[in-house]
Amino acid sequence: MESEQLYHRGYCRNSYNSIASASSDEELLDGAGVIMDFHTTEDDNLLDGDAASPGSNYAMSNGGGAASSTTHLLDFLEEPIPGVGTYDDFHTIDWVREKCKDRERHRKINSKKKESAWEFTKSLYDAWSGWLVVTLTGLASGALAGLIDIAADWMNDLKEGVCLSAMWFNHEQCCWTSNETTFAERDKCPQWKSWAELILGQAEGPGSYIMNYFMYIYWALSFAFLAVCLVKVFAPYACGSGIPEIKTILSGFIIRGYLGKWTLMIKTITLVLAVASGLSLGKEGPLVHVACCCGNIFSYLFPKYSKNEAKKREVLSAASAAGVSVAFGAPIGGVLFSLEEVSYYFPLKTLWRSFFAALVAAFVLRSINPFGNSRLVLFYVEYHTPWYLFELIPFILLGVFGGLWGAFFIRANIAWCRRRKSTRFGKFPVLEVILVAAITAVVAFPNPYTRQNTSELIKELFTDCGPLESSQLCQYRLQMNGSKASEGGPNRPAGPGVYSAMWQLCLALIFKIIMTIFTFGLKVPSGLFIPSMAIGAIAGRIVGIAVEQLAYYHHDWFLFKEWCEVGADCITPGLYAMVGAAACLGGVTRMTVSLVVIVFELTGGLEYIVPLMAAVMTSKWVGDAFGREGIYEAHIRLNGYPFLDAKEEFTHTTLAREVMRPRRSDPPLAVLTQDDLTVEELQSVINETSYNGFPVIVSKESQRLVGFALRRDITIAIENARRKQEGIVLSSRVYFTQHAPTLPADSPRPLKLRSILDMSPFTVTDHTPMEIVVDIFRKLGLRQCLVTHNGIVLGIITKKNILEHLEELKQHMEPLVTSPAPITHVTLPLLPTLAPVSLGSASFGGLHETWCEKLLTVPGFKPQAFFSLFSHFLFSLC
């Protein structure tokens, strides 16, 4: 009986002869940087294959738990077959098989280490290779992060001018040694020249303003154009944040080239250009991708990790922790981020190595000191005023704002990404980047809070007003005794500078909200942490100043009278900015524990953990009320990556028999018998079907399960038997049993395939609840599971079947989603000059469709309505 053909012919097929020269992780794949529906790949369904030729690519070995699978593949061979045990592009690894391979390797090393000193040395090298690879990863991550920080600061200041005394100095460094700076104008010195001074010879006036405006736009467009061109030509995978793909890779999916050396080099260069262009993006998310590239490259130096995909993912989990460590200067937060947000499999030893990698990376970054302040981050602040209980009310309100912003941003950004394929900009990514960069530069320059670097903006918003601050936000009115409030006096009334800054911050808030929606997803490296934190910091600072002035003018209210002492400060507007930043970032990513730890490591605000926890949890609750997916899970679902989210609960009461294939209307399940097939009959089954695996049964009459054989292993075994064994012909009997059946004397030589048979496939009964089946797939990383009844094979459930089932249940729960027209051929235009990739027919949820056509059919969703509603909310806040 044949099961339903779950996949059609894929585009990532190669001939068997190409297995030995298969593409490495360092190769570039032209499919990068575009939205691809990996639900349509053949990898998630082991019953699928290419029926065109028995010589299709079968580069993966049996994933069963049989101990014999870790020894030689065929009894008639003395060495493993080339290509067996590896994975092709866009395939999911078999976690069970990989763990079996690692245990067998470990037993072999332990059995030999007492034979000689050399074997004992090899065992020590194997034991320490894990610590060595994470050390190298931490060193490389810290060095690259320091280089990116220094280069981004210099190029960002290049848009405004240049240091004549030392061209490699940024604006701040140029004025460090100057003796002609004043306290009020500490950023002005003779060594630093604006472009108007260099070109026109004058620093003031309308002409100089227009010249500086023009040069600002020119450099912004130049940096953006260079970044998108480098990504397009050399490394399409270098675009975006990278965290959704990292999560998918850590769950077991293979994306060749995504963590390769070309991607690392181009992403490092273009990340500097993208940040310097002034686009509403950050470098923190892409730094996780950069660190994982380092971990992947160094893992190839150690056979323990290069030959085992599951072990390699332990290194990548540690690398992601190192990436967050250097991005925020938060080693502990990086470990928790890897555990909470990105890692799929996180054993205890990975926790230790992740901590060590984050420690090494932070040490290297601290040694480089890219910001010149002996800190790991730019906006390290310290507050000297405690928070009071009544402030939990505005903190919770900031959490509500963060949750609303997160829900709004996710829906608006996903809606724009959906429509990108149907717009002209989607077909011309270079033009889209240039247009967004031009709009950003033109609108940002007149406002000082949008013109400056986003990290510097967050630093200014976080910083509390003191005697050394000359910011416009600290220009309070003089007191009766003639002293300025910015000099530390209590009860500070806001001056004209503060009110002017409030209006500018309101405009900056609207600008950041709109541009971040259209920027995230461009074909340049783009992080989301810093823009989200900037939006929250702006909103928090506005709320903080409002509460501060309320406490000043209404100090006799019972709230302020109870906690605020007369003549003492009780409101810290910078603290509100920090809480707002955490709330907005939590609303977008739905992070909780790791986010709180990152923020207090980021700012040194250990005393303010309770306000941070209250705001972050509130933002998560509010955001979950509109949808439980964070931005990364939403992009994973949008791109169609085969990812089973462990956070998603399965609450339905379906059974395994309702999800398994084949269904009643499908062809019967294709099976193999254990000892009565010939080579010709076996090849006929392979040629006439396109399934990637076949259950092996006792006989047609019995139908009892013996094991599971993969299509590629059968084909490789037959080809190698014909090359290395004499007497194997089409009429040769094929048997999967331990002993050959009794045959006539004149019969040709039989072919034994027991060694490629998985004797212990995972099975469930037809009455097993699907919530248990889903948990098994999530926790064991399965690719397929057989369904039996009293030992008789009924069908099979694959990872793709579960994803289809979950999507069908979501469609039933969302009545607004309508069925699109059938699509029989999907063509993904990658980039303007790249050849399109054909994915064949895409079957998803019982309907032939792609993500773009499916999501465009949601009626009633109008991004204009969201913009209008949110704008009214912002104006009411201002």
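Glycine is treated like the rest: Cβ placed from N, Cα and C.
On a predicted model such as this, the values are computed, not experimentally measured, just so you know.
Sequence annotations record features per position, and here TrEMBL assigns transmembrane segment to 128-148, 216-238, 258-279, 286-303, 315-339, 388-410, 430-449, 501-522, 534-555, 575-600. The domain 'CBS' annotation in TrEMBL covers 660-726, 757-816.
With a cut-off of 8 Å between Cβ atoms, the residues of this chain six or more beyond the transmembrane segment (128-148) that come close are 268, 271-272, 283, 287, 290-291, 294-295, 298-299, 301-302, 304-305, 314-315, 318-319, 322-323, 325-327, 349, 353-354, 356-365, 367-368, 370. Listed stretches 286-303, 315-339, 388-410, 430-449, 575-600 were compared with the transmembrane segment (501-522); the greatest number of C-beta pairs under 8 angstroms is found for 430-449.
A contact between the transmembrane segment (286-303) and the transmembrane segment (216-238) is absent, since fewer than 3 of their C-beta pairs, 6 or more residues apart, lie under 8 Å. Confidence annotation: the domain 'CBS' (660-726) carries a mean pLDDT of 85 in the model. Residues 513, 516-517, 532, 535-536, 539-540, 543-544, 547, 559-560, 562-564, 570-571, 576, 579-580, 582-590, 611, 614-627, 629-631, 634, 866, 870, 873, 877 of the same chain lie 6 or more positions beyond the ends of the transmembrane segment (388-410) yet place their CB under 8 Å from a CB of it.
Take the transmembrane segment (430-449) and the stretches 216-238, 315-339, 534-555, 575-600: counting Cβ pairs under 8 Å, 216-238 has the most. Secondary structure of the domain 'CBS' (757-816) per DSSP (helix as H, G, I; strand as E, B; remaining residues coil): 26 helix, 18 strand, 16 coil. A Cβ distance under 8 Å defines the sequence-distant neighbours of the transmembrane segment (575-600), meaning residues of its chain 6+ beyond its ends; these are 324, 328, 330, 332-334, 336-337, 339-341, 381, 383, 385, 387, 394-395, 398-399, 401-407, 409-410, 458, 461-462, 464, 528-529, 532-541, 543-544, 547, 606, 608-609, 611-613, 615-620, 622-624, 628-633. According to DSSP, the domain 'CBS' (660-726) comprises 24 helix, 17 strand, 26 coil.
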